[in-house]
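Below: one structure, written as C-alpha cells.
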Amino acid sequence: RPPSSGDAEQHNSMARSHSEGLPKLPVPPLQQTCERYLAALTPIVDPEELNHTRKLLEEFQKPGGVGERLQKGLEQRGKKMENWLSDWWLQTAYLDYRMPVVVHSSPGVVLPRMEFSDRQGQMRYAAKLIAGVLDFKSMIDNETLPVEYLGGKPLCMNQYYQVLSSCRIPGTKRDTVVNYTLDKRPPTHITVVHNFQFFVLDVYNSDGTPLTVDQIYIQLEKIWNSSLQTNKEPIGILTSNHRNSWGKAYDNLIKDKTNQESVRAIQKSIFTVCLDAPMPHASDDMYRTRAGVQMLHGGGSRWNSGNRWFDKTLQFIIGEDGTCGLIYEHAPAEGPPIVLTVEKLFSHEMVRTPMVPLRMPQKLHFNITPEIKMDIEEAKQNMNIMVHDLDMKVSVFSHFGKDFPKSQKMSPDAFIQMALQLAYYRIHKRCCPTYESASLRMFRLGRTDTIRSTSIDSDKFVKAMDDPAKHNIEKVALLDKAVKAHRAYADMAIRGQAIDRHLLGLKLQAIEDLAALPEIFMDTSYAVALHFNLSTSQVPAKTNCVMCFGPVVSDGYGVCYNPMDTHINFAVSAFNSCQDTNAARLAQALEDALLDIKTLLEQTPKAKL
C-alpha cells in the first residue's frame, strides 16, 4: 500500500529536526513586491502594457482592498504552517503539471566519462557507485549528514531525506509522491534495469550490514547474465508519457496482481540503476552532447529510453561504453543536493570480503495485455517525437572560469548571466523574461525562488555593448551596474524577498478563498512575465560534471552551467520545432559574449576611484 499522507507528515517530522531553528520563509511586504514587479516588467513589456499594469497594481494595493486581504491571508498561512509555500509549490510546479517528466521536468547529470575496457569494468563501477550510495544512506539514516552553510547561515537539509526510497505516482488529474523511508519495514533493495528488464537487488545482509562492493558486483553479474534477451517489451517507457495518459495506463496496468507487485517493488526501491546498452558512436566534440541527451531521455525507444522508470526519484545510468550519469524526478528535490550526493559517492574504496553465497536477484515480471501493448506503442511514439524535437548542445568554455570575473571583483554568476543576456539579445534583438533559480534553503523546508536576470540595468548594458556611439568606459560602467543589480537581486531572493513566489502565493490565496481572481493575474503582462524564454540554473560542483534540462516554453532555451576555476561547463537546450531557437547558436553566442566582455574589461583602463 502506498503510505498515506499521514506517513508523509511523519516523514516531515524527521525532516523538521533538520530544519528546526531555521527561520520560517517570510511573506514579503505587498508594496515592495508590487514596486519590484513593475521594475522587472519594464525591460520586457511595451510601455502601454506597463502603464495598464501600473494602474491595476495601484487598484490592487488600495487600503482595505483585494491585495491587502490576500496579503493578510498569506501572513496567517505563514503563521500556522512550517512553510507557507512548499506544499503549494510541490503541487503547482510539479504534481499538477501534466507534461511528461522527461525533458520537461526531470534534469539529467552527465558525470565524467569512464574508460571501461570490458563490461566487467561497467559492473565494477556500478558496484562501487551502489556501495557509495549505501554509505551516504547510512549518514541519512543515522542523521549524521553534516549541515551545509551558505554565507555562514545553516541550510535546510530536508531535501536529502526525500531523495531515497521515494517515487512519483501518476494520476489522471494530478500526481502524488510516496516516500517509504519511515515505513515500519523500510526498503532494503534497489532496482536494476538491463535490456528493459527490472530486477530487485537486496543490498543488505540479514544482519543489516550493507553488501560490499564485491558482493554487489557478483549480484550484478547474475542480473546481467539473466537478461541477455533484447526483445523484451520496454514497460518503463510508459513512465515517459503525458501524465494523464500514463495515469490512465497505470490504473489499467496495476489491475493485474503480478504487475502491481512489480510496480510496487520499483516504487519502494531505494533507487534505480540503469545498465545501458552502448549508444551510437559520437565524435569527441559531440560526445558530451550525446551523453547529455542519454541522461535526459535515453536516446529514443530503440536505444535506452525503455531502460528507465522515469517516476523514480533517483536513477543512476551506467553505459557499457563508459557514459555515466543520472536523472532525477524533480518533485522532491533541487539540483544541488543531488549533485552533492553524487560528490560523496566517489570516495569509496574496495574491500575484499569472505564470500557468502547470495540469493539470485529476483526478476520482476509483467503481464502485457493487448491494451498495455498499445499503451507502450503510444509511449514509444511520443518519446521518439520528443527525442527528435530536443535540440541540445553541451559545451566546455575553456578560456576562463570563475577566475576572471573574480579578478575583476565581479560575481561569477552575475558575470555569466550578463553574458547570457548579451548572447540572447544579439540573436533575438530583444530582451526576454529570464528565470534563474535561487535557493530558499536558509528557511525551513525551503525550495526555490526566481532571480529575474533581465533588469533595467542589464537591458541598458546589452543595448550599449554593440553600439558604436558608446565609449568603452561607459559600457564598463553599465556592465558594472548590471552585475551589481543582479547580485543584489540574487541576495534579495535567497533572503525570501523576491517577487515570483509571493505573486504565486497571492494568486493561490485568492483561489483558496474562492474569490474572484484579481485583475493583475489576468493581465497580459503577467503572462509575458511568466513566459521564460531563458530558463537558467547555476549548479556548481567540485566534480567536472554538467546538469542538463529542457526549455520551459516552446520557444525558449534551457541553460545550465557549472563554473569551475578555469573553465565553465554549459548545457543549452531548445526545441527543433521552434524556428527561432537553436541550441548550438546560443551556445556559440554565449562563448562570444563571454570573450567580448573579457576583452572590453581588459581594454578599458580602470577609472580612478
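Our numbering is plain: 1 for the first residue shown, then up by one each step along the chain.
Including glycine, each Cβ sits where the backbone N, Cα and C put it.
According to TrEMBL:
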type     : residues                                                               : note
REGION   : 1-28                                                                   : region 'Disordered'
DOMAIN   : 25-591                                                                 : domain 'Choline/carnitine acyltransferase'
ACT_SITE : H330                                                                   : active site, proton acceptor
BINDING  : K402, K406, S407, Q408, K409, M410, S411, P412, D413, S439, R487, Q538 : CoA binding site
BINDING  : Y435, S437, T448                                                       : (R)-carnitine binding site
Using C-alpha atoms only, work out the spacing between Y435 ((R)-carnitine binding site) and D413 (CoA binding site) and round it to an integer in Å. 13
Roughly how wide, in whole Å, is the group K402, K406, S407, Q408, K409, M410, S411, P412, D413, S439, R487, Q538 that binds CoA, by largest Cα to Cα distance? 26
Here the recorded positions are H330, S437, T448, and the Cα closest to that of R487 (CoA binding site) is found at S437
Where among the binding-site residues S407, S437, T448 do you find the Cβ with the fewest other Cβ atoms within 10 Å? S407
With an 8 Å cut-off on Cβ distance to the Y435, S437, T448 Cβ center, who else from the chain surrounds the (R)-carnitine site? E436, A438, D449, T450, I451, S535, S537
Note the mean pLDDT of the domain 'Choline/carnitine acyltransferase' (25-591), expressed as a whole number. 93
Minimum Cα separation from T448 ((R)-carnitine binding site), reported as the residue among recorded positions H330, S407, S411 that achieves it: H330
For H330 (active site, proton acceptor), identify the closest of the binding-site residues K402, S407, K409, D413, S437, judging by Cα separation. S437
Rounding to the nearest whole angstrom, report the longest C-alpha distance spanning Y435, S437, T448, listed for (R)-carnitine. 11
Cβ proximity for K409 (CoA binding site), under 8 A, sequence spacing 6+, ordered by residue number, returns none
In the structure shown, with every protein chain counted, which of the recorded positions H330, K402, S411, Y435, R487 has the densest set of Cβ atoms within 10 angstroms of its Cβ? Y435
